[in-house]
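Engineer: Please see the structure below; I have some questions.
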Amino acid sequence: MNIAVIGTGYVGLVSGTCFAEMGNSVICVDVDHQKIEKLKQGIIPIYEPGLEEMVLENHKKGDLLFTTSLKEALKSAEVAFIAVGTPMGEDGSADLQYVLAVAREIGEGMDRYLVVVDKSTVPVGTADLVKETILAAQKARGVEIPFDVVSNPEFLKEGDAINDFMKPDRVVVGAESARAMEKMRELYAPFTRSHDRFIAMGVRSAEMTKYAANAMLATKISFMNEISNICEATGADVNDVRVGIGSDKRIGYSFIYPGCGYGGSCFPKDVKALEKIALEHGITPRVIGAVEEVNREQKKVLVRKITARFGENLQGKSFGIWGLSFKPETDDMREASSIVLIKELLARGATIKAYDPKAMEEARHFYLKEHPEILYTSNKYDALNGASAMVLVTEWKEFRSPDFYEIKNRLLEPVIFDGRNQYKKERLGEMGIEYHQIGVAIHRT
Ligand code: UDX
């Protein structure tokens, strides 16, 4: 099938590449000339395991092309995916200007029946806006070419995106016409072969499914973080409680890990956008509002623990931070807890040394660029030299079994604050390391 993918961000690039991998002819479009030039040379703008090789291979075969001209991509396209960003607007709602600009251009450039797919996460009702925009652009040209607008939300996780796309739990498609639904079924058949994972529904339901899924997952996390705070106050150990409740199949083990808050490009943005959608429709969402509020507070949980231990004034104290990205296996720092933690520590006069396997460039040049005083180290132990404590923020694999003797040697005092509960308190206790984790009260001797 001939496919155009508009927007070569995370979702667009992964989707386009995976469609090409299945033998489709894909043209990826972006307005950013530099990005397109780099992609043509096989330089990809993000870190995602396995993606670079797949882009290179399919580009070489000619199944994956890159262009800045949407018109060119539309010449042969049977399906056009809109995968441009929907950043959070000032008021918390999704900013649709990029989606609608693409819709206009599609209306101006298309010359045959086309299935237009909303892949970006967009508020309920956006497909109708896209349709109106395309119709208006066609009218201005004096043409009337049939098309359908379909919603096909993306559920991929950063760090495991290729696997998620190639072997999806489900493919959700919302369409109002049988013709468009058939086309989408055909396109996704190779990905859902083992058994039918294709879930067909109305356009608005598909749009809502994405928000409901992300809000549900974020709710599990915030709920667990709230429980962890109660555990800590009551003397319970959240690590045991987590296993205790997860063993109930109805609850399940996933997404109940307590921590220093969720981040990323989806949960924070989508939870806020869903709240906004509800309010616009006259509903005051109580659970969803609380999910976001709990998370905002939870991002400060390590700051609270550090100041409880070392006092509000951290002048002359250094902290070694392990992990900057919002989760492991990505260099993405959007809404990362590390940003809140580091800024709060710096504001109290502390010195910061940080190490992350992939995200240090992002931090230095973008997310923490207003703090050139942060020292980034080339290995995890160097970040601890002369520090009062080690603070683990992101649970990268290389932090799971560190050399605790080395940690002790490098630190001024053997103190660890663990925002992701990675270690066994008994083991650290035996080694004389003071171990602060989430949801477990600490009794210092
Ligand atoms: C998420 C959804 O999982 C995906 O389906 C959707 O398409 C986009 O949003 P992603 O943002 O890549 O994917 O990350 P995810 O692995 O879901 O983690 C999100 C955040 O939640 C991370 O900051 C992670 O540390 C945190 N988290 C996750 C917890 O704090 N506890 C958990 O139990 C699970």
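Backbone N, Cα and C atoms are what each Cβ position is placed from, and that goes for glycine too.
Nobody curates TrEMBL annotations by hand; they come from automatic prediction.
Relevant sequence annotations retrieved from TrEMBL are reproduced here:
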ACT_SITE  Cys266  active site, nucleophile
BINDING   Asp30, Lys35, Thr86, Thr121, Glu158, Lys269, Arg334  NAD(+) binding site
BINDING   Phe155, Leu156, Lys157, Glu158, Lys210, Phe255, Ile256, Tyr257, Pro258, Gly259, Gly263, Lys327  substrate binding site
DOMAIN    320-425  domain 'UDP-glucose/GDP-mannose dehydrogenase C-terminal'
Engineer: Considering only the binding-site residues Asp30, Thr86, Thr121, Lys157, Glu158, Arg334, which possess a Cβ situated under 6 angstroms from at least one atom of ligand 1?
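Structural biologist: List returned for ligand 1: Lys157, Glu158.
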Engineer: Give me the CA-CA distance between Ile256 (substrate binding site) and Cys266 (active site, nucleophile), in Å, as a whole number.
Structural biologist: 18
Engineer: Of Lys35, Thr121, Glu158, Lys269, which is closest to Lys210 (substrate binding site) if I measure between C-alpha atoms? They're all binding-site residues.
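Structural biologist: Result: the closest of the binding-site residues to Lys210 (substrate binding site) is Thr121.
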Engineer: If you measure from the C-alpha of Gly263 (substrate binding site), which of the binding-site residues Lys35, Thr86, Arg334 fall inside 10 Å?
Structural biologist: Arg334
Engineer: Go ahead and report the DSSP secondary structure tallies for the domain 'UDP-glucose/GDP-mannose dehydrogenase C-terminal' (320-425): helix first, then strand, then coil.
Structural biologist: 33 helix, 18 strand, 55 coil
Engineer: Given the binding-site residues Pro258, Gly263, and counting only Cβ atoms in the protein chains shown, which has the most within 10 Å of its Cβ?
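Structural biologist: The residue with the densest Cβ neighbourhood is Pro258.
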Engineer: May I ask which residues of the same chain, at least 6 positions away in sequence, place their Cβ under 8 angstroms from the Cβ of Thr86 (NAD(+) binding site)?
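Structural biologist: Thr86 (NAD(+) binding site) has long-range Cβ partners Ala94, Asp95, Leu96, Tyr98, Val99, Ser120, Thr121, Val122, Lys269.
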Engineer: Whole-number Å only: compute the distance from the Cα of the residue listed as 'active site, nucleophile' to the Cα of Pro258 (substrate binding site).
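Structural biologist: The residue listed as 'active site, nucleophile' to Pro258 (substrate binding site), Cα-Cα distance: 18 Å.
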Engineer: Compute the C-alpha separation of Glu158 (NAD(+) binding site) from Pro258 (substrate binding site), stating it in Å without decimals.
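Structural biologist: It is 19 Å, counting Cα to Cα.
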Engineer: Across the domain 'UDP-glucose/GDP-mannose dehydrogenase C-terminal' (320-425), what does the pLDDT come to on average, as a whole number?
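Structural biologist: Mean per-residue confidence for the domain 'UDP-glucose/GDP-mannose dehydrogenase C-terminal' (320-425): 97 out of 100.
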Engineer: Of the binding-site residues Asp30, Lys35, Arg334, which one has its Cα closest to the Cα of Phe155 (substrate binding site)?
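Structural biologist: Out of the listed candidates, the nearest Cα belongs to Arg334.
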